[in-house]
Amino acid sequence: MSQEIVDRVRNYLSPNIPVTPISQGAEAVVFTTSVHPYLPENCNSNEKYIIKYRSPKRYRHPVIDKSLTKHRTLGEARLLSKLYTIEGLHVPKLIACDAYNGYLWLEFLGEDLPENFGYSNLKNFLWMYDAKNDPYCEVVKRALIEVGEQIGKLHWNDYCHGDLTSSNIVMVHSDTDSHHWVPHLIDFGLGSTTTMVEDKGVDIYVLERAILSTHSQHAEQYIEWMLDGFKSVYEKNGKLGKKKLDELLKRFAEVRLRGRKRSMIG
């Protein structure tokens, strides 16, 4: 990660706001902080927050870059605000947005998994149970069914994630049940509003490929559980839900077939 970007973020924030860089993607750099943007700086808090920063891209004209950064940051903020109001859908809470400078301040989700398995995204969560030689236990089954339900609720409300990998699903330990992990969808930088079954089919296919690439030995069962949860959301919505589900699964099969052909051809 570029030290220049880290220094820019620290200069933008107050010197009394500590930030720790945790990841860098193609579009943004992600930091954690213990300071809430609207509380006094000397207010002690045990909470953690996410700061997502879209840094300037030198290959773009500065005026175009500024416009794109503002548009994309504001778009993600608006999308998160809408998703947060959907009953039963788990996404991070938006705390603050500075679209002009490319900053989002978000609720921090997840935790460090035991035995050095890293941050509690779905990928690491499944690896942890695989290492325990218990990849098909009820905890994993329930988690994957609920992952499917989250995607189903997202799609039923005509939204798509756009980058639905197992790293962008965070498992949050339930406060009331030590064996229950609640999936939350994060990183909606490529998310959108859409009614197109193609977009939704691609969303599911991207997650399927992610699970196949990192958990190939158990992927068939994992994907089956995930799809069971996904289908259940649509099936609860009567004839219309069944009709939409049939259309979506048909398109998903077509997307999957195209992906396999592409893999064979190279």
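Keep in mind that glycine also has a Cβ here, set from the backbone N, Cα and C atoms.
Around the Cβ of Asp163 (active site, proton acceptor), the same chain contributes Asp187, Gly189, Leu190, Val206, each under 8 angstroms and 6 or more positions distant in sequence. What Swiss-Prot records for Asp163 is active site, proton acceptor, and it gives sequence analysis as the kind of evidence.
When Cβ atoms from all protein chains are considered, those within 10 Å of Gln24 (ATP binding site) total 15, not counting its own. What Swiss-Prot records for Ile22, Ser23, Gln24, Gly25, Ala26, Glu27, Ala28, Val29, Val30, Lys52 is ATP binding site, and it gives sequence analysis as the kind of evidence.
The feature domain 'Protein kinase' is assigned by Swiss-Prot to 16-266.
Cβ proximity to the ATP site centre (mean Cβ of Ile22, Ser23, Gln24, Gly25, Ala26, Glu27, Ala28, Val29, Val30, Lys52, cutoff 8 Å) flags the following additional same-chain residues: Tyr53. In this structure, Val30 (ATP binding site) is part of a beta strand by DSSP.
Within the set of binding-site residues (Ala26, Ala28, Val30), the lowest number of other Cβ atoms found within 10 Å of a Cβ is recorded at Ala26.
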